[in-house]
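For reference, the structure discussed in these notes is given below.
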Amino acid sequence: TPKDDLNWKSKLNLPEKDNRARTSDVTGTSGHDFEDYCLKRELLMGIYEKGWEKPSPIQEHSIPISLTGRDVIARAKNGTGKTGAYTIPIVERIDPKKNVIQALILVPTRELALQTSAICMELSKHLNLRVMVTTGGTSLREDITRLQDIVHIVIATPGRILDLVNKNLAKLDSCRVIILDEADKLLSQDFNHLLDDVIHHLPKDRQVMLYSATFPLTVDEFIKKHMKNPYEINLMEELTLKGITQYYAFVQERQKVHCLNTLFSKLQINQSIIFCNSTQRVELLAKKITDLGYSCYYIHSKMRQEHRNRVFHDFRNGLCRNLVCSDLFTR
């Protein structure tokens, strides 16, 4: 077994080393190793085979506290290892012998759910844990079939998991850990009323963890209602990742497309993402950019899921230079 093998590290199937330059958002650590947290050998194998060599700052702050079962509020930038900060403690604490849902991760979009589940499955691949993804816009029949089998960790959007619970298909009475990833979005008016209902189905001795780059005022109300003496982590001196320079162009509404055209013609842009604050504007702007002679796709929440998946896949593979989207894409 892995526990008896003193040379287990030498037998790992490690990915090619990532030699890209990294900023202090990720490298500015206290020098801890993942082995310092007394994690299961099988989990350590998953961590190293994922290509993670050392914990990032948010992971250093979050993992030891989360392992104790204490509530956590963590504020850190996107792209600094937030997902690993909560998935590692979850995977460590799951008992694979218990055929019940033991952890629930709530996310605002299907794209983030798929991304998070992929990480969970990679980390837990030597532990025989079962991870399930369920979001709006996917087959309820498939969810029903999946829930008839063993499920330890559920990654879901709030509306879908509530639907499954209300239909008595998913049972959360043994789920003692709930995570809100992108908590700012989940605590917005779009989802806030659903969270109370979801948490109502969890046992009282639960652990609640919030992770986000920003927190709205509604977080205070949520903390008072659902959290007990949470441990606060704030690694946010500024919103922007180090190594990224931001520019702000102050233009009138009618000048925006002209400004965009100027940027396209003057700068060497390999790929760009252009954000709009409504789905109607997304389609309109994408058409204008296409009319200017630039290849352009668009994506927003009102599109069919399979169409969104195809656009997302094609853009990531470089089949299109420009993508216009709502903030769905950032999630």
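Using N, Cα and C of the backbone, Cβ positions are placed for all residues, glycine too.
The compositional bias 'Basic and acidic residues' feature in TrEMBL is assigned to 1-23.
What TrEMBL lists as domain 'DEAD-box RNA helicase Q' is 32-60. Look at the domain 'DEAD-box RNA helicase Q' (32-60): DSSP puts its residues at 17 helix, 0 strand, 12 coil.
Among the features that TrEMBL reports, domain 'Helicase ATP-binding' is placed at 63-233.
Feature annotation from TrEMBL assigns domain 'Helicase C-terminal' to 243-331.
Marked as region 'Disordered' by TrEMBL: 1-27.
What TrEMBL lists as motif 'Q motif' is 32-60.
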Quick check on the domain 'Helicase C-terminal' (243-331): DSSP residue counts for helix, strand, coil, in that order please. 43 helix, 12 strand, 34 coil
Integer mean pLDDT for the domain 'Helicase C-terminal' (243-331): 85
